[in-house]
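Notes follow the structure.
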């Protein structure tokens, strides 16, 4: 089942001095259950692409369909609601709400979705258990390590039962042990629960784990490799 | 949860929040204290104007107030007094004979307003008897006793039992005079009043003026409650069409002006304080919003809609204002209660205050309706202060907001 379809996506940033083609005709599709990494040097357009996929930025041209919906047809308030119901986000700097505990951070998304209190508390507990933080549910982000915070962020991203999770450089601020743990955990979620993860990353460890690696350069896809297919064809 | 987030966000930058909270508390407490002080002073002035000087309502001959001539009298005063006493809201009535004339001691003389009263009836209307600092209040059975103010006693250099001479023109135009013996010396909070007003028995003064005891110049009426003022005035005006019925507000317009200007003074004063606080709150909240750009961007990215973001920032600002407002009101009230019991001594400036008729020991006074009005104003200020930072938060674009520092 296709989760995301991208056709001839273009993004041009018009600054006063220069015109930057951040994305220059990208065609891409993601299936349910993919574990994909978008890689490329700085300025290659991967963050721009991720922002487009997340409905955070409007393309200059082209089309993005998520679960069949053309997201360019949505108004900005419809888009906020669409993101809430369909997309999970994990950011490089974790971006948890510092005044809320781990449990409340995860619950918060479900509250925005108006999930009843009991149900959301139970689900938040389960998710934190799932990411290995069952013991730290009442800690605020400042009391958690970077790796733990990113786990909370993953639990939060999953709380809304999204169609896919977008993770922008999720391991950039983590040490190798935390990175490994986080990746293992996400891979497990992906394999066991068929959750789609799309990363933008510089991190070779992420690239190694990913089953599909999309390489961008100058706003264009220069390679799109599916490792399992690769293994099979080999 | 928005309420919880807003509340916890306030305490995120503890020092900053405390600074604005202290500013709110002190600003409001001082505003409330000033209002309580002003109201206390005003109430005491009005109270003294009614209880000592004017009473609630005064009735005169129609032309008397324009030209206080001794011939412009109220005739058949006894029956009029009875008629007035029939009014339900009336507490007491006293008729007075008044003449402006000269009083002389062995050393000097002074122009005064001589008020002839029936001591018992007058005591029910005004509280002059309680203002005596020396002597007694017409307890003697001798003829021609006089009660004078302390200031006049000093001016005339007279003491208790001293003799003073009153010279006047009687009803028939003959110059006449009589010696009076000082039996009491009073002191009110109004030195000008003390210097210019003396009291004698109406029967003594009437005899001197050659008028009968059934006539007078002024009927003073004390009501049970000030609220009944206009009703009783209207009633008496219709029943006594030939006489001039005036309230203390018309007789002492300067006191009435103080009373009516209280509301406006309060709004201006509190308004200035709140305006200053408004900018303080806006500044604090703007800093809070700008330093949370990334967090707000994240919230928008993950699906918190604009209404919720707006509500969250508004709630935070309003909570801060309510908290500061509440502390300010409590502190203001504590000051008000303490100084309402112990009073504030303005003795150092007594000459100035007393010459304007104000007591120098001021007891603060405040009522709940004023407090409520101030509370509403604070809430309004909070609401107003919340709008700009909340709008600023809305203008953030999630993708730009997230990019910062990344």
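Just so you know, glycine gets a Cβ as well, placed from its N, Cα and C.
Lifted from TrEMBL, the feature list:
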type     : residues  : note
DOMAIN   : B:17-238  : domain 'MacB-like periplasmic core'
DOMAIN   : B:268-398 : domain 'ABC3 transporter permease C-terminal'
TRANSMEM : B:18-38   : transmembrane segment
TRANSMEM : B:266-289 : transmembrane segment
TRANSMEM : B:309-335 : transmembrane segment
TRANSMEM : B:366-388 : transmembrane segment
Spatial neighbours of the transmembrane segment (B:18-38) far in sequence, C-beta under 8 Å, 6+ residues away: 262, 265-266, 269-270, 273-274, 276-277, 280-281, 284, 320-321, 323-325, 327-329, 331-333, 335-336, 339-340, 344, 362, 364-366, 370-371, 374, 378
Chain residues outside the transmembrane segment (B:266-289) and at least six past its termini with a C-beta under 8 angstroms from it: 9, 12-13, 16-17, 19-20, 23-24, 27-28, 30-31, 34-35, 38, 296, 313, 316-317, 320-321, 324, 370, 373-374, 377-378, 381-382, 384-386, 388-390, 392-393
Helix-strand-coil residue split for the domain 'ABC3 transporter permease C-terminal' (B:268-398), DSSP-based: 108 helix, 4 strand, 19 coil
